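The structure appears right after this line, and notes come after that.
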Amino acid sequence: MDGGDDGNLVIKKRFVSEAELDERRKRRQEEWEKVRKPEDPEECPEEVYDPRSLYERLQEQKDRKQQEYEEQFKFKNMVRGLDEDETNFLDEVSRQQELIEKQRREEELKELKEYRNNLKKVGISQENKKEVEKKLTVKPIETKNKFS
């Protein structure tokens, strides 16, 4: 039981014999025959040997994935803020909308006052007046600002 045999086994496992390579080629050829299409070549294509180190291959894959990720989100970062002219324009539009809404409310209140005055002139009794006003009460309409 000398340690030489164990070292020999380790060395043998590091190297691949020609017989093992032939056996692998046969297995690959058999698998190729199973999945081969009529327009594909008869022989199984050899695996392409890449002489680069594992680090270089993994680094290339990592760079490729990073590039795809950046490409995917490239346009999302191109959004720019509003400049001063645009903000001024939007402020002016919102002011105009507020003015229009204010005028509409004032007009409704004016019409309501006129209606109530006309009711007083006609002389409808207080009881009937309350009933009529309950039926005709105008609810204020709230419109939401499109730009807020």
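Backbone N, Cα and C atoms are what each Cβ position is placed from, and that goes for glycine too.
Any TrEMBL annotation is an automated prediction that lacks curation.
As written in TrEMBL, here are the features:
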type	residues	note
COILED	55-122	coiled coil
COMPBIAS	22-39	compositional bias 'Basic and acidic residues'
DOMAIN	15-116	domain 'FAM192A/Fyv6 N-terminal'
REGION	22-52	region 'Disordered'
How many helix, strand and coil residues does the compositional bias 'Basic and acidic residues' (22-39) contain under DSSP? 14 helix, 0 strand, 4 coil
Which residue counts does DSSP give the domain 'FAM192A/Fyv6 N-terminal' (15-116) for helix, strand and coil? 75 helix, 0 strand, 27 coil
